[in-house]
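This report concerns only the one structure given below.
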Amino acid sequence: MNFGRVNPAQTLDAQGITGLGEVHYNLIEPALVEAAVTRGEGRLGRGGAFLCSTGAFTGRSPKDKFVVRTPSVEDTIWWENNAPMDPAAFDRLHADMLEHMKGRTYFVQDLFAGADPELRLDVRMVTELAWHGLFIRHMLRRPERAELDSFVPDWTVINCPSFKADPERHGCRTDTVIVLNFERKLILIANTEYAGENKKSVFTLLNYILPGKGVMAMHCSANHALGDTDDAAVFFGLSGTGKTTLSADPSRTLIGDDEHGWSDRGTFNFEGGCYAKTINLSAEAEPEIYATTSKFATVVENMVYDEETLELDFNDDSLTANTRCAYPLDYISNASESGLGGHPKNVIMLTCDAFGVLPPIARLTPAQAMYHFLSGFTSKVAGTERGVTEPQPTFSTCFGAPFMPRRPEVYGKLLQEKIAKHGATCWLVNTGWTGGAYGTGKRMPIKATRALLTAALDGSLSGVQFRRDPNFGFEVPVDLHGVDAKLLDPRSTWADPAAYDQQAKKLVEMFANNFAQYVPFIDADVKAAAIG
């Protein structure tokens with residue numbers, strides 16, 4: 001039995017997904033919250049937020065993600081980074097999932113992935129959990145109600161947490177699986193309730209399709225100056241490095257917090273919402289994000305709360321350090337309605353340095369920017385992936401290796417071309433540790449990071465004196481009014497400068513060893529900018 005608004009020629013039955021119980025198409029937020037609460041998927045929290053737990057999976061499962069190895073993508077997928085699945089195994093998985101789904105209730109959301117109408121994908125999300133429908137309705141872009149009558153999905157995502165895959169039969173690693181089939185235009189997700197898999201599977205899809213159209217797909221946040229869409233900035237970074245926090249700046253308009261494209265027309269958000277980390281979130285440091293946690297229909301994921309008062313405990317990481325909330329962009333007062341911006345004037349690469357070696361900000365040449373983009377040095381922050389309980393130094397190329405289906409040089413060369421064509425200034429910003437490594441030093445003060453970023457974005461930082469860093473070759477400001485000058489010289493923040501030198505040497509060697517894999521594919525200017 002079908003409920004809701006849908007193109008009558010594009011029901012699930014018409015797609016060959018038959019025999020289901022109730023199917024609810026394109027329910028709006030109140031109906032999805034009502035369904036989720038009624039079905040016992042979670043609780044109504046303060047202000048009407050939806051409080052839920054994702055069970056055993058509180059982060060992504062990157063080792064359980066696959067791409068079906070079909071002729072059309074055989075030569076363009078980066079197979080060293082993307083596990084292949086045999087087409088026959090996929091067909092068995094798909095058939096078994098559809099059989100499992102029969103008689104059960106499902107929720108369908110027809111949504112746009114991409115704010116640029118010429119480049120967007122029309123995506124259908126089929127979810128077993130009502131709150132997953134609510135989550136993805138926040139995260140992607142919502143069509144007008146009338147547009148649903150003619151909506152034809154380009155791609156379909158089926159998420160069925162109650163289905164367990166069979167590794168032997170389905171060609172996967174465990175009973176959890178996330179698999180993309182570019183020939184069938186189909187994504188299957190099984191045996192995980194972690195909502196982030198929904199959005200990141202669509203992101204992976206766009207990261208494959210858009211570069212083929214000359215569009216740079218980016219794991220970044222973006223904003224622009226108030227009233228000036230041409231003064232745009234993008235912030236690359238892995239989960240937990242500060243993309244959401246640092247782009248939510250009251251003095252600038254937020255384009256988006258996580259996934260964007262850079263086309264010949266400028267930047268555009270892939271999404272229509274935000275997925276913010278909430279661990280240690282405070283009303284003082286991040287008032288707008290904090291306020292969303294008690295707004296109607298915000299999805300509050302894996303946060304501990306008082307059973308009687310429903311008060312959230314922002315400091316409790318007993319379920320996971322990866323506590324999050326998902327909300328529509330219009331819950332942020334200065335968010336862009338269009339999701340569009342001009343060509344970035346500033347490109348910022350965020351890193352969370354657990355070694356405590358890198359300065360809080362450094363100016364990069366275009367070649368150095370390409371080097372750091374391909375290197376993607378950061379630290380995996382606790383909770384964003386299963387099993388990560390403390391920061392782990394890592395190199396994640398393009399600041400998002402788990403979501404990059406193509407070889408890194410494809411994205412690197414696209415970015416290099418965009419930076420050169422539009423004259424963007426590039427910066428490396430360390431939101432990690434200072435005064436010592438993780439466990440000894442302390443996190444970089446967010447107040448200092450914000451002050452340095454503000455100066456970079458308004459152009460005033462370019463007017464101060466810079467020094468050349470002896471280890472990494474980039475330029476570091478010597479001082480900036482309002483920022484402790486010691487912070488700008490990481491060596492001086494360490495109690496033992498010799499220990500800093502030893503740590504810096506170790507990090508330089510790690511950079512050099514990691515970058516060796518890209519040397520055959522890069523131009524001479526980037527080779528010259530290489531460290532070590």
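Each Cβ is built from the backbone N, Cα and C atoms, and glycine gets one as well.
What Swiss-Prot says about this one:
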{"type": "BINDING", "residues": "Arg60, Tyr194, Lys200, Arg324", "note": "substrate binding site"}
{"type": "BINDING", "residues": "Lys200, His219, Asp258", "note": "Mn(2+) binding site"}
{"type": "BINDING", "residues": "Lys200, His219, Gly237, Leu238, Ser239, Gly240, Thr241, Gly242, Lys243, Thr244, Thr245, Glu286, Arg324, Thr449", "note": "ATP binding site"}
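The structure, with features from Swiss-Prot marked on it.
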residue	record	DSSP class
Arg60	substrate binding site	strand
Tyr194	substrate binding site	coil
Lys200	substrate binding site	helix
His219	Mn(2+) binding site	strand
Gly237	ATP binding site	coil
Thr245	ATP binding site	helix
Asp258	Mn(2+) binding site	coil
Arg324	substrate binding site	strand
Quiz item: From the centroid of the CB atoms of Lys200, His219, Asp258, the recorded Mn(2+) site, which same-chain residues not already listed sit within 8 A by their CB, in sequence order?
Solution: Lys199, Phe203, Ser239, Glu259, Gly400, Phe403
Quiz item: If you measure from the Cα of Gly237 (ATP binding site), which of the binding-site residues Arg60, Tyr194, His219, Asp258, Arg324 is the nearest?
Solution: His219
Quiz item: Can you tell which of the binding-site residues Arg60, Lys200, Ser239, Lys243, Thr245 lies nearest to Asp258 (Mn(2+) binding site) in space, using Cα positions?
Solution: Lys243
Quiz item: Sequence gap of 6 or more, C-beta under 8 Å: which same-chain residues meet both conditions with respect to Thr245 (ATP binding site)?
Solution: Ala276, Glu286, Ile289, Ile446
Exercise. Measuring Cα to Cα, tell me the gap between Thr241 (ATP binding site) and His219 (Mn(2+) binding site) in whole angstrom.
Key: 12
Quiz item: Closest to Arg324 (substrate binding site): which of the binding-site residues His219, Ser239, Lys243, going by Cα position?
Solution: Ser239
Quiz item: Among all the protein chains here, how many other CB atoms are within 10 A of the CB of Arg324 (substrate binding site)?
Solution: 27
Quiz item: Which whole-number value in Å describes the distance between the Cα atoms of Lys200 (substrate binding site) and His219 (Mn(2+) binding site)?
Solution: 10
Quiz item: Within 10 Å of the Cβ of Gly237 (ATP binding site), how many other Cβ atoms are there?
Solution: 27
Quiz item: His219 (Mn(2+) binding site) to Lys243 (ATP binding site): how many Å between their Cα atoms?
Solution: 9
Practice problem: For Lys243 (ATP binding site) and Arg60 (substrate binding site), determine the Cα separation and express it in whole Å. | Solution: 18
Quiz item: How far is it from Ser239 (ATP binding site) to Arg60 (substrate binding site), counting Cα to Cα, in Å?
Solution: 11
